[in-house]
């Protein structure tokens, strides 16, 4: 019996170690892209616009949250060496409980920030591309907003339901975020999947519809390639977020699987990387466009049309 338990603990430790390693790689990519985004947004024309200021504040907040999350997981993985060796038992338990609670809260902050940006994009798409505004059509952005509020409300109550007396320690790794309330976390991940899928499809459909309208009004020479490019970025982002969250939800719902421990540390960092990747690619494309404008004649009508369509597309990205 003891050998079976020891083997299960070793498997859980291995799964968590793999998840933390993958999460660290994603976090490193997020840090690099975030710094590049901040420089691009500052150097772009209109760097002091409200949109750029909002994106810079978003990137900074997400960067701080994801760094805190990764540090918490690394400290938890080495909690024995960090907290237990030179501490009394009561102090070590208290420090471990605080760290475990931090691990439970930080992914909520990361997912809340990234999902909040998706809701904002749905609202921006509705405002920019809606041809016949009416009250009932607001449901297209109100629906993801309600889902986001439900998701955040569920997560706010997680720390209140947290019971430090039942914390499970697996080889120095505090597994409370995985062992505690697995179904609640699974529901949170499922709602995150629904929100990512809905927002990506909604934005993609609206942008492609607007592209078709532009081609019909202006002609085949309408500069609409940027719309297809941004739609591709949104779908790529969903392709990263949805499978990771789905695997983690399965691991939390089905006992005895290692998907939950392995994917837990990856969900937050994967969400952050996918979100920053879109902003970086759009900002990089805008920087290239501005460089071309400086090298060509900016007074051409086609160039003005290109700028208008690009601004409309980038407003939702």
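One-based numbering along the chain as shown.
For all residues, glycine too, the Cβ spot is worked out from N, Cα and C.
Looking at the stretches 268-292, 293-317, the one that TrEMBL records under the feature region 'Disordered' is 293-317. The transmembrane segment (15-41) shares more Cβ pairs under 8 Å with 262-284 than with any other stretch in the list 53-76, 182-205, 226-250, 262-284. Long-range Cβ contacts of the transmembrane segment (182-205) within its own chain (Cβ-Cβ under 8 Å, at least 6 residues beyond either end) map to 111, 115, 118-119, 121-122, 125, 140, 143-144, 147-148, 150-151, 154-155, 158, 161, 231, 234-235, 237-238, 241-242, 245-246, 248-249, 252-253, 260, 267, 271, 316.
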